[in-house]
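Now, the feature entries from TrEMBL:
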- 1-26: region 'Disordered' (REGION)
- 16-26: compositional bias 'Basic and acidic residues' (COMPBIAS)
- HIS30: Ni(2+) binding site (BINDING)
- CYS101, CYS104, CYS117, CYS120: Zn(2+) binding site (BINDING)
Amino acid sequence: MTTARHRRPAIGGAQRRQDEAGRQGEKTVHELTLAENVIAIAEAAARRAGARRVTRVRLALGLLAHVETDTLLYCCRLAARDTLAADAEFQAERRPAQAHCGDCGRQAELAALPARCPGCGGENLDLRGGEEMKVVDIGIS
Ligand SMILES: [Zn+2]
């Protein structure tokens, strides 16, 4: 974790605006790939349990995960076609990141971007735990 200090949120923000302007298609492919993984995980869980269908899939997205929540949910519904999860309900929640301010030393939970220290307003933040994407709950029947 020695290289963990960075300014990724600020860079990520600029990157995202560029993506929206010129690379929307590429982004959607990225989210579709993630969605296909989600469906594979859900189907595997259903098969292991001997279930016939997946009724619900709940995802947790870190604040810094490079996905659009709505796009990901849309891609999940697309990827679920003709699978055990075809009628599943998809939900996603954003999880906060942990921030440590390199200027004033404050520790804080960060729930929104752009990332700024709640103590001093600085951007010299070391961020952790905000990039994960997890399937947290799968409903089957
Ligand atoms: Zn600070």
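For all residues, glycine too, the Cβ spot is worked out from N, Cα and C.
Please treat TrEMBL annotations as automatic predictions, because they have not gone through curation.
Feature map: annotations from TrEMBL on the structure.
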residue : record              : Cβ neighbours (10 Å)
HIS30   : Ni(2+) binding site : 18
CYS101  : Zn(2+) binding site : 20
CYS104  : Zn(2+) binding site : 13
CYS117  : Zn(2+) binding site : 20
CYS120  : Zn(2+) binding site : 13
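HIS30 (Ni(2+) binding site) falls within a helix when secondary structure is assigned with DSSP. Apart from CYS101, CYS104, CYS117, CYS120, the Zn(2+) site neighbourhood in this chain, defined by C-beta within 8 angstroms of the site C-beta centre, holds GLY102, ASP103, GLY105, ARG106, PRO118, GLY119, GLY121, GLY122, ASN124, LEU125. Cα-Cα distance from CYS120 (Zn(2+) binding site) to HIS30 (Ni(2+) binding site): 36 Å (rounded to the nearest whole number). CYS101 (Zn(2+) binding site) sits 31 Å from HIS30 (Ni(2+) binding site), taking the Cα positions as reference. Between the CA atoms of CYS117 (Zn(2+) binding site) and HIS30 (Ni(2+) binding site) there is a gap of 30 Å. Reported as a whole number, the C-alpha separation between the residue listed as 'Ni(2+) binding site' and CYS104 (Zn(2+) binding site) equals 37 Å. When secondary structure is read from DSSP and collapsed to three states, CYS101 (Zn(2+) binding site) falls in the strand class.
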